[in-house]
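Structure first, commentary second.
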């Protein structure tokens with residue numbers, strides 16, 4: 001038996017889950033929050049619903065990892081830290097360099113750092129954390145699992161932008177997508193639920209959360225996805241605009257007197273989407289509560305549904321039909337009203353859901369389809385961390 005950590009690191013947070021493998025039993029999950037602030041927060045759930053919380057200053061990545069390791073031992077999750085034989089790291093951008101998960105050596109770490117332009121807010125932080133784990137747990141196998149890797153099966157007609165081809169060859173300007181680890185997990189799990197080979201299915205995965213994407217999966221491979229060079233593209237999201245005309249960026253910069261493109265991208269990433277349209281919130285639950293009394297709340301919801309439906313329709317056309325629709329992630333797993341609204345517009349595909357089941361299903365696996373539906377509609381809670389530790393086991 002081996003114990004494997006799955007790590008999701010950000011500039012001010014460190015999220016982790018500890019698994020007993022190969023049994024795939026989750027032993028604990030934790031969060032280090034507000035890193036670098038006077039009162040950082042540590043939260044851990046373990047055992048049979050037990051919780052541990054503390055407020056303590058954690059200044060840097062080294063202290064965050066030391067806190068994680070110390071708490072894992074203090075809570076009796078391991079007797080010796082050497083029981084943890086592997087650590088899997090979520091890495092946002094792998095570019096064309098990485099089409100699958102890899103064991104991290106010094107050369108790999110440098111490659112991840114060199115991809116920082118593809119995800120400047122994420123890759124440098126993730127590379128730094130990998131380096132810290134390598135130094136503090138030198139006995140463990142460190143594995144990088146890339147959000148973009150699953151989408152490396154896309155063909156050029158789906159991943160290239162219609163800009164000068166040299167920009168792709170020289171600068172890597174193309175669609176990379178995101179949420180690949182999530183889509184890989186839920187598509188495989190959906191096939192298992194249906195007791196059918198994944199390779200025989202045409203599937204559309206709707207990963208709907210604060211960040212949302214739609215992915216066409218055919219024969220077990222990603223053939224197209226809504227997110228683009230970065231996760232800013234695609235459907236409307238919580239605070240992200242999704243697809244817009246690039247000329248609008250220059251137009252708004254002039255009108256708003258925004259001096260640099262980075263500031264404009266910040267607006268599109270942080271002040272747009274559901275929040276920007278509604279002027280109320282980026283939280284779907286808040287908008288649903290207000291949709292009958294506040295027109296812009298309803299408008300934001302309508303736009304969100306509209307964009308998802310458009311992508312689903314285009315991907316059904318791309319695959320010459322669809323066998324399975326899958327809802328996952330925070331909104332997809334818990335947003336019964338949003339699922340209902342989306343599915344009302346997909347009846348033409350032969351996809352029908354039983355709303356008695358739909359409105360009772362939250363965060364659990366469920367077949368939402370009616371008996372006469374020719375397209376299956378499934379709710380599959382995502383589990384990126386389990387996918388990550390499986391990759392660690394496979395590479396250890």
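Note that Cβ sites are derived from N, Cα and C of the backbone, with glycine treated the same way.
Pulled from Swiss-Prot:
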ACT_SITE  147  active site, proton donor/acceptor
BINDING   8, 384  Mg(2+) binding site
BINDING   15, 207, 208, 209, 210, 211, 283, 284, 285, 330, 331, 332, 333, 334  ATP binding site
BINDING   90  substrate binding site
SITE      179  site 'Transition state stabilizer'
SITE      240  site 'Transition state stabilizer'
Same chain, 6+ residues apart, C-beta under 8 Å of the C-beta of residue 210 (ATP binding site), given in sequence order:
237, 238, 239, 282, 330
Does anything in the same chain, at least 6 positions from residue 240 (site 'Transition state stabilizer'), have a Cβ under 8 Å from its Cβ, and if so what?
211, 231, 232, 268, 269, 270, 272, 273
Work out how many Å separate residue 331 (ATP binding site) and residue 179 (site 'Transition state stabilizer') at their Cα atoms, rounded off.
14
Would you give the longest CA-CA distance, in whole angstrom, between residues of 15, 207, 208, 209, 210, 211, 283, 284, 285, 330, 331, 332, 333, 334, the set recorded as binding ATP?
24
Among the binding-site residues listed here (8, 15, 208, 283, 285), which has the Cα closest to the Cα of residue 90 (substrate binding site)?
8
Report the nearest neighbour of residue 384 (Mg(2+) binding site) in space among the recorded positions 15, 179, 208, comparing Cα positions.
179
Please classify the secondary structure at residue 240 (site 'Transition state stabilizer') using three-state DSSP.
coil
Of 8, 147, 179, which is closest to residue 208 (ATP binding site) if I measure between C-alpha atoms? They're all recorded positions.
179
Using Cβ atoms only, which residues of the same chain lie under 8 Å from residue 333 (ATP binding site) while being at least 6 residues apart in sequence?
327, 362, 363, 379, 381, 382
Mind telling me which of the recorded positions 15, 90, 179, 285 has the densest Cβ neighbourhood, counting other Cβ atoms within 10 Å?
179
If you measure from the CA of residue 8 (Mg(2+) binding site) out to 10 Å, which recorded positions from the list 15, 147, 179 are inside that radius?
15
What does the structure give for the C-alpha distance between residue 283 (ATP binding site) and residue 179 (site 'Transition state stabilizer')? Integer Å is fine.
20
Within 10 Å of its Cβ, which one of these recorded positions (147, 283) has the largest number of other Cβ atoms?
147
Separation of alpha carbons, residue 147 (active site, proton donor/acceptor) and residue 179 (site 'Transition state stabilizer') (Å):
5
How many Å separate the Cα atoms of residue 285 (ATP binding site) and the residue listed as 'active site, proton donor/acceptor'?
27
